[in-house]
Amino acid sequence: MESLYQQFSHVLNTYYQPQTKVVVAFSGGVDSRLLLELLRRYREENSLSCHAVYVHHGLSENADIWADKCQVWAKQAGISCSVERVNLDTNSGESIELLAREARYEALARHINRGDLLLTGQHADDQVETFLLALKRGSGPKGLSSMAESMPFAGGTLVRPLLNTKREQIEATAKNIGLEWVEDESNQDTRYDRNFLRHRIVPELSERWPSIHQAVQRSASLCAQQEALLDELLGSVFARALQADLSLSIDELAIHSELAQARLIRMWLSKLNANMPSQTQLRLIWQEVALAQQDANPKLKLKQGEIRRFQNKLYWVTHRADVTSWQGHIQIDEPLILPESLGTLTLSSGSHQPNISLPSHPELLRVTFNPEGLSAHPTTRSRSRKLKKLFQEYNVPSWLRRQIPILMYKDQVVAVADLFVDQTFSGQDCELIWRKPL
């Protein structure tokens, strides 16, 4: 236990800063159970704020029992614990493993504020399994990098303190100090790829090559170093290609080799937290989207969104529901939360650049996203035009034209966020501020 705690402390000391909250992903399995115990001791020695989160996937009839046990164990450790219930769309065609993982991290992200640490219990055996799964998929160096000890997550940092520790050492330590934990029956089901590797393949590899865990960790680390070097070497090129609106310049891409183009597109999508495309999809992005006829409106659908082209730039467009039927009333200096994670909208009276004159009955101000049939007379234009025409003049991509907030007074357009104020409502009372998500 002592050597494992010293290893745990060393990792946490690397990332922990005063006033940092530490959140532990707590499933109740042996890995996270020991992780909670290590955190309990570290907390007593360092007096930090801690919280545990159990994610209830609803996949096992025992999940309620596990949730109760986790809350009891967390209370015994003096650490608060939340239970997050998630719903999985099992008819989506995606694997249960992937759905559960994505839902789990979405739930955990809700508990992370800027600068916080999220601790997860992945260990050396998990690393071997992840490496082999990436190999099975035909992944390149990025996929074969497997899991890093730390990575940015939800404004904080995800840390894996047990990544260099084997499962057998974790189980032996937990038994020696008298810990109880839960056993998820699904972990025995070898129909799942990870379980197949865990129960049938990795034991054989370990018996034949006892140092396989260290070898995999070394290969994963070398792959990660190669990835970091490529990013470093192409950093200045990527900076020129990336535009202020987070689009990617096709002109900048065109002067480089196909290999560099593919890498730059991957760097771009990684920056936008999008799933990585396959080799085939990368070729299609360039051949069918970037190089499409100038009068075309090309797009390539991927899992989380689609790649579009506009004015010789590539755009990543996430899937969003239609918001044109949505309306919301807005009040002075009170942020209005927009639907579909489109940010907030505020009529700020304390702005240094006021450009809107408030109408006689500001309580009638409302926000819509539907430009259909609306006209406006921007202060920079000589006459009124349909919003459809104005969007074209202001170079707004077609897919964004129904995702831009329109401030209305009765049936009149007051302003279109980030574009213009109607001449009738031009003044110095307030400013319309649209804070978009990062």
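For all residues, glycine too, the Cβ spot is worked out from N, Cα and C.
Per Swiss-Prot, these features apply:
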type	residues	note
BINDING	SER27, GLY28, GLY29, VAL30, ASP31, SER32	ATP binding site
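The structure, with features from Swiss-Prot marked on it.
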residue	record	contacts (Cβ under 8 Å, 6+ apart)
SER27	ATP binding site	TYR54, VAL55, TRP66, CYS70, GLY121, VAL182, ASP184
GLY28	ATP binding site	TYR54, TRP66, LYS69, CYS70, TRP73, TRP181, VAL182
GLY29	ATP binding site	GLY121, TRP181, VAL182, GLU183, ASP184, ASN187
VAL30	ATP binding site	ILE170, GLU171, ALA174, LEU179, TRP181
ASP31	ATP binding site	GLY121, GLN122, HIS123, LEU162, ARG167, ILE170
SER32	ATP binding site	VAL24, ALA25, PHE26, THR120, GLY121
State the three-class DSSP label for ASP31 (ATP binding site), counting H, G and I as helix, E and B as strand, and everything else as coil. helix
Inside 8 A of the center formed by the CB atoms of SER27, GLY28, GLY29, VAL30, ASP31, SER32, which other residues of the chain have their CB, for the recorded ATP site? PHE26, ARG33, LEU34, LEU35, GLY121, TRP181, VAL182
